[in-house]
Amino acid sequence: MAQETNHSQVPMLCSTGCGFYGNPRTNGMCSVCYKEHLQRQNSSNGRISPPATSVSSLSESLPVQCTDGSVPEAQSALDSTSSSMQPSPVSNQSLLSESVASSQLDSTSVDKAVPETEDVQASVSDTAQQPSEEQSKSLEKPKQKKNRCFMCRKKVGLTGFECRCGNVYCGVHRYSDVHNCSYNYKADAAEKIRKENPVVVGEKIQKI
């Protein structure tokens with residue numbers, strides 16, 4: 001019995017390598033690549049292409065002739081190119097002189113910069129050695145808070161009463177008439193009233 005084999009058509013990819021499936025009707029290309037191919041052909045037909053085949057045929061038809069006389073000519077050409085590539089001694093001397101001049105300029109600039117930095121360091125050290133008045137004031141010890149009664153020398157701590165005369169008193173001697181306070185309450189009150197209640201005077205009548 002004859003065995004029948006069903007050959008299923010395997011889908012092939014586009015011949016341009018775009019990743020889509022191609023069609024044998026469009027020369028193995030997808031529809032997009034086939035349209036681009038047709039557009040390129042139409043545009044190339046409008047332009048005059050150079051006869052590349054004729055050039056290649058002429059190059060193949062002409063044999064390369066190499067004679068003994070052509071070898072020395074090539075050797076002389078190589079010698080001339082090598083001699084042109086070698087640097088001239090004049091150019092080397094000029095480069096050396098320029099490098100020496102640049103190094104001298106750098107050394108002089110460094111020498112100028114060194115004394116400037118020394119002056120700056122000296123000024124900074126002078127200012128650091130002279131303490132300012134504010135620092136000296138801040139270093140002073142703060143005054144100890146009085147914690148004893150000025151009259152009976154009883155230790156009051158936080159329960160003491162500070163009077164306007166500047167002393168601290170206990171609960172018994174806190175009144176001004178008890179400890180003979182030197183603060184003038186009357187003058188202070190009169191000054192306060194004078195500031196809060198200024199005298200209002202009307203304008204003088206100008207005679208015609």
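Numbering starts at 1 and runs along the chain as displayed.
The backbone N, Cα and C atoms fix where each Cβ goes, and this holds for glycine too.
Annotated features in Swiss-Prot:
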- CYS14, CYS18, CYS30, CYS33: Zn(2+) 1 binding site (BINDING)
- CYS149, CYS152, CYS170, HIS173: Zn(2+) 2 binding site (BINDING)
- CYS163, CYS165, HIS179, CYS181: Zn(2+) 3 binding site (BINDING)
- SER49: phosphoserine (MOD_RES)
- LYS204: N6-acetyllysine (MOD_RES)
- 41-140: region 'Disordered' (REGION)
- 8-42: zinc finger (ZN_FING)
- 143-189: zinc finger (ZN_FING)
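Swiss-Prot feature annotations superimposed on the structure.
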{"residue": "CYS18", "record": "Zn(2+) 1 binding site", "Cβ neighbours (10 Å)": "14"}
{"residue": "CYS30", "record": "Zn(2+) 1 binding site", "Cβ neighbours (10 Å)": "19"}
{"residue": "CYS33", "record": "Zn(2+) 1 binding site", "Cβ neighbours (10 Å)": "19"}
{"residue": "CYS149", "record": "Zn(2+) 2 binding site", "Cβ neighbours (10 Å)": "21"}
{"residue": "CYS152", "record": "Zn(2+) 2 binding site", "Cβ neighbours (10 Å)": "12"}
{"residue": "CYS165", "record": "Zn(2+) 3 binding site", "Cβ neighbours (10 Å)": "14"}
{"residue": "CYS170", "record": "Zn(2+) 2 binding site", "Cβ neighbours (10 Å)": "19"}
{"residue": "HIS179", "record": "Zn(2+) 3 binding site", "Cβ neighbours (10 Å)": "19"}
{"residue": "CYS181", "record": "Zn(2+) 3 binding site", "Cβ neighbours (10 Å)": "16"}
{"residue": "LYS204", "record": "N6-acetyllysine", "Cβ neighbours (10 Å)": "6"}
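The DSSP breakdown of the zinc finger (8-42) into helical (H, G, I), extended (E, B) and coil residues amounts to 15 helix, 4 strand, 16 coil. Non-local contacts of CYS163 (Zn(2+) 3 binding site) by the CB criterion (under 8 A, 6+ apart in sequence, same chain) comprise TYR169, ARG174, SER176, HIS179, CYS181, TYR183. Mean pLDDT, taken over the zinc finger (143-189), works out to 84 on the 0 to 100 scale.
In sequence order, PHE150, MET151, ARG153, LYS154, VAL156, TYR169, GLY171, VAL172, ARG174, HIS179 are the same-chain residues whose CB sits within 8 A of the CB centroid of CYS149, CYS152, CYS170, HIS173, the residues recorded for Zn(2+) 2 being left out. Just so you know, the Cβ of CYS14 (Zn(2+) 1 binding site) picks up 19 other Cβ atoms within 10 Å once every protein chain is counted. For the zinc finger (143-189), the DSSP counts in helix, strand and coil order read 8 helix, 6 strand, 33 coil. Taking the Cβ of HIS173 (Zn(2+) 2 binding site) as centre and 10 Å as the limit, one finds 20 other Cβ atoms among all the protein chains shown.
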